[in-house]
Amino acid sequence: MIKVSVVGAKGRMGSHVVEAVNGAEDTSLALALDAGDDLTQITSENTDIVVEFTVPTVSLDNVLALVAQGVNVVVGTTGWTDEKLDQVRAALAKAPRENQSVFIAPNFAISAVLADYFAKVAAPYFESAEVIELHHPNKVDAPSGTAIHTAHAIAEARKDAGLGAIPDNTQTDGGSRGQVIDGIHVHAVRLRGLNAHEEVLFGNAGEQLTIRADSFDRISFMPGVLLAVRKIASGNYPGLTVGLDHFLDL
Ligand SMILES: NC(=O)c1ccc[n+]([C@@H]2O[C@H](COP(=O)([O-])OP(=O)(O)OC[C@H]3O[C@@H](n4cnc5c(N)ncnc54)[C@H](O)[C@@H]3O)[C@@H](O)[C@H]2O)c1
Ligand SMILES: O=C(O)C1=N[C@H](C(=O)O)CCC1
């Protein structure tokens, strides 16, 4: 049995993770903690893996504390920058146990991971690319962590292919052209009724490719969370790993 503690257990995602961990045959719930609870209750004795789904403003501190407490962490919270990832690597380098792991995924849904992968494959073949993410209005961050990840992936694929800047003759912009991430315009929609959705638009003269992923229900993230828990518990991924694509045979 893999002993799993959940941090952010009362949240939209955390409460689904608690259910998924209770429902799987090879995982058991150790602790379910939320804001105000003492994280030092989590130890390497009672917990193999912590699953962390909180808010971007607190996630880094939680992860650093948990690494120092000697446990492995699977993180779904967004808001990760290169600087924050470097802090996690530094914490892992002086972690109390050998081969400790942190795994971070901007998105655990197979549809979103594949959309990201397909976008990377398509990117070198198109002159234009833009990302639109659409989410429920309770989401606190924009653009989504997934959209930021997709934009970076498209930019890298374009650079590797020797593509230049995306054509855009906009002369005045009051914000309608979205946020530019690594040269890619990213647009965020917040709409009651939506859950988590992303569209990647590619264009050439006379043609367009649209790649779209829709998560209609948070249950869509749970197989990916359990996959990450099992992979990290295997001990085969010491250090920091970012992205569920590492665990898929793509
Ligand atoms: N990776 C993915 O597949 C994926 C999927 C959905 C959401 N997310 C991300 O997960 C995060 C959580 O989303 P949500 O919709 O569950 O949010 P939510 O607001 O419903 O839940 C967050 C929970 O964290 C708790 N919390 C706040 N501060 C805390 C602290 N210091 N210690 C412990 N718990 C604390 C809150 O009380 C709340 O219960 C967001 O960053 C979101 O973008 C990622
Ligand atoms: O509901 C959210 O919040 C989501 N956040 C992640 C993101 O920002 O990419 C994943 C999709 C759902």
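Placement of Cβ uses the backbone N, Cα and C atoms for every residue, glycine included.
Per TrEMBL, the feature domain 'Dihydrodipicolinate reductase N-terminal' maps to 2-108. Per-residue confidence over the domain 'Dihydrodipicolinate reductase N-terminal' (2-108) averages out at a pLDDT of 98.
For Asp34 (NAD(+) binding site), the number of other Cβ atoms no farther than 10 Å from its own Cβ, over all displayed protein chains, is 14. The NAD(+) binding site annotation in TrEMBL covers Gly8, Ala9, Lys10, Gly11, Arg12, Met13, Asp34, Gly76, Thr77, Thr78, Ala105, Pro106, Asn107, Phe108.
Counted with DSSP, the domain 'Dihydrodipicolinate reductase C-terminal' (115-248) comes out as 47 helix, 40 strand, 47 coil. Feature annotation from TrEMBL assigns domain 'Dihydrodipicolinate reductase C-terminal' to 115-248.
Taken from TrEMBL, the feature active site, proton donor/acceptor applies to His135.
Positions annotated as (S)-2,3,4,5-tetrahydrodipicolinate binding site by TrEMBL: His136, Gly145, Thr146. Using a 10 Å Cβ-Cβ cutoff, Gly145 ((S)-2,3,4,5-tetrahydrodipicolinate binding site) registers 19 neighbours.
Look at TrEMBL and you will find Lys139 tagged as active site, proton donor. The Cβ of Lys139 (active site, proton donor) has Arg190 as same-chain neighbours under 8 Å, each 6 or more residues away in sequence.
It is 18 Å from the Cα atom of Lys10 (NAD(+) binding site) to that of His136 ((S)-2,3,4,5-tetrahydrodipicolinate binding site).
Other C-beta atoms found within 10 angstroms of the C-beta of Gly8 (NAD(+) binding site) number 26, with every protein chain shown included.
Checking the binding-site residues Gly8, Arg12, Asp34, Ala105, Gly145, Thr146 against ligand 2, the ones whose Cβ sits under 6 Å from it are Gly145, Thr146. For the recorded positions His135, His136, Gly145, Thr146, a Cα-Cα cutoff of 10 angstroms around Thr77 (NAD(+) binding site) retains Gly145.
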